[in-house]
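Chemist: Take a look at the following structure, please.
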Amino acid sequence: MMYICLFFKNQKILGGWFSAGAVGSRQINMESIFHEKQEGSLCAQHCLNNLLQGEYFSPVELSSIAHQLDEEERMRMAEGGVTSEDYRTFLQQPSGNMDDSGFFSIQVISNPLKVWGLELILFNSPEYQRLRIDPINERSFICNYKEHWFTVRKLGKQWFNLNSLLTGPELISDTYLALFLAQLQQEGYSIFVVKGDLPDCEADQLLQMIRVQQMHQPKLTGEELAQLKEQRVQKTDLEHVLEVNDGTGMLEEDEEELQRALALSRQEIDMEDEEADLLRAIQLSMQGTSRNR
């Protein structure tokens, strides 16, 4: 069996180094999983592109689809009369398919997928649940909570969380997949099953032949930034201390704190010595008692 380790770079994962047992210990480096990271509020774009494994859609294209859907809704409303109260109210409302932040509706996501014959079915709908399909037998899921969309997809024989808020794809085991989806539902996510044949992609073809062994779990992009910021702050503080001391010694306050710490340490050592002496005395006393018996 062959394993591939994941290393992250820009929007893609370089399918780092793996060894193929059939060809000896030779190591190969190849591109693997496509993964767009979060930019602004363009999670719908990232969700679609990560699902299809390529740069298929841009904000401009998705905006065009949203405007088209808005126009179709307007025409349907106009059928009831352009002078009706409902129609005038509809014209005054903002678009239900997009907003200025870059958020797009489920209709905008599902509409372009029809080009590939793909359909979205609500995972917890009674119709789907009656089918009793094991999640691992599906190919992909689209998850939504409030204004965030992301994809969970099978590539080769393994599942990956392709959330754009992560620093890279997250490997999900078959045994954990059902629990992962159930946890998302408890957190309030809507989950859609993607039905149909997804377009061919390099990662799926590659991972049909090898299995991934993830060495490090990806972090949320915010956590990574916070960690880097904390490291920079610590480094700056250390540099400031060294600059103030200028190699000549510590400041008076620091020296006083050190002296107090040393004094406390000596007290603790003295107490430990006293306790040790007491224990030895008790042991000797017990030995003497045993001899007198």
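Note that Cβ sites are derived from N, Cα and C of the backbone, with glycine treated the same way.
Residues annotated as domain 'Josephin' in TrEMBL: 30-209. Look at TrEMBL and you will find Cys43 tagged as active site, nucleophile. TrEMBL lists Cys43, His148, Asn163 with the feature active site. The active site, proton acceptor annotation in TrEMBL covers His148.
Tell me what's around each of these sites.
Modeler: For Cys43 (active site, nucleophile), other Cβ atoms within 10 Å of its Cβ number 23.
Under 8 Å, Cβ to Cβ, and six or more positions away along its own chain, His148 (active site) finds Cys43, Leu165.
Around Asn163 (active site), the same-chain residues six or more apart in sequence whose CB sits under 8 Å from its CB are Phe150, Thr151, Glu170, listed in sequence order.
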